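Asker: Annotations per Swiss-Prot:
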SIGNAL    1-20  signal peptide
CARBOHYD  ASN137  N-linked glycosylation site
CARBOHYD  ASN146  N-linked glycosylation site
CARBOHYD  ASN164  N-linked glycosylation site
CARBOHYD  ASN210  N-linked glycosylation site
CARBOHYD  ASN257  N-linked glycosylation site
CARBOHYD  ASN628  N-linked glycosylation site
CARBOHYD  ASN717  N-linked glycosylation site
CARBOHYD  ASN799  N-linked glycosylation site
Amino acid sequence: MPSFVLWTFHLCSQWFQGLTDLLPHIPDTQTVNNFASQTGLLYPGGMKYSKIASWVCIPLLTCRGVDATNSADGGSELQLNESPFSKNWQVLGPFEIGTRESSWGADPLEAYGGFQTLQYDPKASFDSSLALNGLANWSMASTHVNSTANPPETILDINLSPDNLTSLQEVYGWDAKQYQAWARGTLTVSKSNSVVALYTDRIWEYRIDNKSYFGGDFFGFRRAPLLLDLSPGTHTVDLRVVRDVRALGAVGEPFINVTLIAQELSKTLIVDKKSILVADVVENRLISPHASVTLHNTMGNPVDVAARFSLKMLNNNVKLEEAQSRAIGFTIEAKDKINVPSSVSLYFEYTTPDDSSVQRTQTMTITFTRRKLPEVQQNTFMLPGGVVSYATMRPPTSLECNKDKSAKLPVLLGLHGAGQAASDEIIRTMLDGVSDICAWTLFPSGVTPWSGDDWHTWGFADLQHSVRALNDYIKYSGWTGVGLIDGDWIIAGHSNGGQGTWYTISHYPDKIIAAAPVAGYTSIENYVPYSMWHNTDSLLASTFYRARQDFKHEILVDNFAGIPVYQQHGASDDNVVVYHSRLMHRLLQESGSPSKYHEVPGKNHWYTGIMTSDFLKDFYRTYVQRPNATDLLPQRFSVTLPPAGHMGTRGGIYVDQSHTPDRVGSIEVERGMANDGVWKLKTRNIRRFHLETSAIRSHVPLYIQIDGSRFTVTPSNSTTTWYTQDAAGKWTSGGDSWRTISQRYGRQAGVNAFLRTEAPFTVTAAAQETRDLALQTCRNLFQYLSADCIISYAVPTANSTTATSPAGNNVVILLGAQPNGYTAGDSAISISARSLDIKTSQGTTSYPFEPGLGAIFIRPLVNERLELVIWGSDMAGLQQAARLVPVLTGVGQPDFVVVNKGTPLKGQGSLYAAGFFDSEWKVSAASYVS
């Protein structure tokens with residue numbers, strides 16, 4: 001009998017932790033049960049299998065241990081065409097576009113009715129601020145086929161360099177290398193009764209036969225293709241091409257290589273074998289039980305994947321809607337933990353609504369990578385959003401580190417740059433020069449090669465849980481060496497990881513012992529300017545600026561004063577120019593906590609040994625010797641909360657609420673001497689905070705004096721004591737009774753707070769015509785964040801804001817007047833029979849229904865959850881609002897936005913309203929409501 005029958009497969013759910021044994025499919029059930037009992041797989045009184053079947057997998061994350069840029073599966077179940085796209089494409093451009101502006105619309109061809117209404121005419125011209133004589137014309141571009149790729153790739157090369165680029169760049173910098181255009185070609189489908197899986201690297205928006213699709217695959221993840229049921233023949237493809245410097249860089253000519261793949265698939269449930277994510281086997285032990293794989297539903301019906309045996313569980317099935325892709329998570333665990341086979345084979349069983357018979361997918365084989373203990377290893381773990389992620393790591397194995405087995409060592413974090421995966425060899429080996437370091441070396445994935453959202457809300461949650469997963473590693477790997485201090489981090493990162501280092505130490509400073517940002521940029525708007533954005537009202541423009549300030553680390557330097565910082569940057573870096581590091585070095589000097597700064601002559605952005613230079617080796621070896629550092633908090637320090645921002649503790653102080661999200665909140669702290677025990681706090685724009693004394697890296701205060709009011713600190717109940725300032729400026733202390741649905745707090749705070757979900761997202765679309773948008777929303781969340789998403793076509797309940805189930809954040813897609821199931825309650829934004837209404841301190845502003853009117857806004861649910869409402873008076877307004885679901889950094893969405901028929905042309909410059917909700921879910925005073 002094959003060795004894999006010695007294995008059991010466990011169901012893994014975000015909602016319950018119970019594990020249930022399961023064997024591979026073998027027809028002779030009784031023989032299997034007898035064998036299992038004899039070999040110890042089933043213990044006396046254990047489960048008897050009336051049917052040995054595939055396992056159900058509760059939806060988790062698809063984040064693979066291989067480079068996600070090659071996840072289109074070229075297996076035998078996929079019907080391939082050599083080159084289904086046209087050789088020649090009609091191109092119209094270039095036109096101006098700002099940094100990450102295309103999410104808002106901002107398409108100049110909307111002034112002519114949209115590209116889809118235009119026919120190729122080499123004599124026609126269109127006004128453009130980037131083209132010669134101010135006129136853009138039609139041109140032709142050709143494709144070539146990369147037949148060595150599997151599946152074959154069709155590559156469309158576009159180079160529409162703006163006229164007089166050198167002079168333009170001298171004025172506007174890298175923003176001058178950004179432009180947009182449209183391209184038209186064809187796609188030929190050869191087979192009937194098939195589904196086309198369309199992959200569109202570098203494309204954010206396109207049309208197929210004049211039907212619009214938004215999201216695409218801008219970074220080339222190839223995780224969630226658009227699944228199309230197209231008839232045989234030729235189909236028109238219109239691509240909106242955007243050259244984004246943040247994604248494509250600014251070195252060399254500003255060309256765009258669009259990569260297209262079209263696969264004709266059979267109508268079934270397809271296992272994407274290249275998406276398999278599993279932990280490594282180290283010294284013959286599987287170091288984590290968590291695993292996942294992506295399924296694509298190319299059938300015309302929903303698919304239920306379910307267990308076929310008696311099992312007590314809270315959620316015993318997972319559903320894929322028509323044309324949906326989802327990652328399916330599960331656990332693998334051996335009874336004989338030191339006898340791991342080289343591979344295991346398994347499959348899924350599923351049913352459809354119109355056929356109760358059980359069907360099965362093709363078999364997939366999981367082949368384990370085997371490592372030795374001193375090597376960098378791949379570990380897997382669950383995220384709160386119900387997905388499986390991974391990190392690579394190296395335990396401290398040297399004899400020097402393990403002299404005292406009772407010792408506990410800090411975590412050394414290495415954050416990768418944009419477009420790289422933690423499993424890439426370049427990342428796995430970047431700290432090999434200090435492989436004997438006495439720390440737990442960890443390379444988080446950030447969920448995706450772009451670290452989710454640049455190591456911010458989504459990516460940082462992955463970082464946090466990759467650290468916590470080290471405790472599980474100790475359990476599963478059989479580790480017997482030194483322990484772990486999972487609250488002491490030494491962090492280093494390169495490029496985007498350097499920016500992630502700035503983010504981490506400015507937002508979660510109490511976790512950091514020391515930091516080394518290497519060739520890191522300071523913020524996205526300092527990396528690529530926003531000077532090409534459409535002009536707009538100054539109050540409206542300030543709204544977008546505030547929405548980006550949570551990630552503008554230049555204004556948050558005071559948050560990490562006192563933490564040792566080593567900076568290194570190549571003097572000849574043409575990717576992230578050295579100005580970024582010089583600027584932060586100067587700002588740290590001004591804060592009174594200067595960094596150590598090392599500029600490497602003649603070196604560019606990346607070079608061999610960059611992360612293990614003598615300068616950085618000194619950094620690592622110095623600060624791994626300072627675990628449990630208790631002297632990092634200066635006598636005087638500050639807490640700076642950015643406008644509409646969110647952060648962890650600084651000096652143990654956690655700001656729960658500001659008075660207004662329209663400006664910075666701050667607390668200046670002067671610590672008294674240890675025998676004095678008094679901390680004096682001076683606050684600005686702080687409404688409520690509490691102390692987490694366990695996070696304080698100094699003596700815990702006996703008293704705190706807040707703007708002159710004195711309170712006794714009792715460490716045992718500090719986390720349940722809140723200090724609150726009323727409207728008159730008086731400070732009081734109290735319990736947690738204030739935490740109700742009328743208050744904004746916890747996971748609801750900050751921009752992109754919607755991404756802080758504790759379970760899979762649920763997207764609800766009751767109206768038939770809105771279902772494609774529900775699928776688009778889930779596809780984009782999966783494509784860009786690897787997030788899991790449940791689609792529901794049920795009518796939202798009238799009391800959805802107070803419902804406690806499901807546990808995650810919601811998206812509700814609504815169309816027309818008083819949408820079925822929607823209730824405004826006491827919300828600041830409501831939808832009546834004739835208008836969209838916004839309540840402010842000045843009264844109620846109503847926007848009567850008109851073509852193109854739409855809105856997107858968050859509203860509170862119980863238990864710190866959020867609901868993202870996407871609404872339109874018609875489909876045009878709804879589709880425009882749906883573009884602003886937060887999946888791409890730098891777009892600058894505030895808490896609410898009201899779009900109109902002018903938004904596709906003028907983007908954010910045309911909005912009726914945009915702004916933020918304060919701590920009581922009221923529209924803030926500086927919000928723009930026209």
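Quick reminder: no glycine exception, Cβ is built from N, Cα and C everywhere.
I'd like to know what surrounds each of these features in this structure.
Answerer: A strand conformation is recorded for ASN137 (N-linked glycosylation site) in the three-state DSSP classification.
A 10 Å cutoff on Cβ-Cβ distances gives ASN146 (N-linked glycosylation site) a total of 13 other Cβ atoms nearby, all chains included.
Sequence-distant neighbours of ASN164 (N-linked glycosylation site) (same chain, 6+ residues apart, CB-CB distance under 8 A): none. Secondary structure at ASN164 (N-linked glycosylation site), taken from DSSP and collapsed to helix, strand or coil, is coil.
There are 10 other CB atoms within 10 A of the CB of ASN210 (N-linked glycosylation site), with all protein chains counted.
A strand conformation is recorded for ASN257 (N-linked glycosylation site) in the three-state DSSP classification. Note: ASN257 (N-linked glycosylation site) has non-local neighbours ILE155, LEU156, ASP157, ILE158, ARG202, i.e. same-chain residues 6+ apart with C-beta under 8 A of its own C-beta.
In this view, ASN717 (N-linked glycosylation site) is surrounded by 10 other Cβ atoms within 10 Å of its Cβ, with every protein chain counted. Under the three-state DSSP scheme, ASN717 (N-linked glycosylation site) falls in the helix class.
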Asker: Look up ASN146 (N-linked glycosylation site) in the DSSP assignment and reduce it to helix, strand or coil.
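Answerer: Its secondary structure by DSSP: strand.
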Asker: To the nearest Å, how far is the Cα of ASN146 (N-linked glycosylation site) from the Cα of ASN210 (N-linked glycosylation site)?
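Answerer: The Cα atom of ASN146 (N-linked glycosylation site) is 28 Å away from the Cα atom of ASN210 (N-linked glycosylation site).
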Asker: What does DSSP assign ASN210 (N-linked glycosylation site), in three states?
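Answerer: DSSP assigns ASN210 (N-linked glycosylation site) to coil.
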Asker: From the Cα of ASN210 (N-linked glycosylation site) across to the Cα of ASN717 (N-linked glycosylation site), what is the distance in angstrom?
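Answerer: With distance taken Cα to Cα, ASN210 (N-linked glycosylation site) is 61 Å from ASN717 (N-linked glycosylation site).
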Asker: Cα-Cα, whole number of Å: ASN137 (N-linked glycosylation site) versus ASN210 (N-linked glycosylation site)?
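Answerer: Between the alpha carbons of ASN137 (N-linked glycosylation site) and ASN210 (N-linked glycosylation site) there are 22 Å.
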Asker: Tally every other Cβ atom lying within 10 Å of the Cβ atom of ASN137 (N-linked glycosylation site).
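Answerer: Counting Cβ neighbours of ASN137 (N-linked glycosylation site) within 10 Å gives 17.
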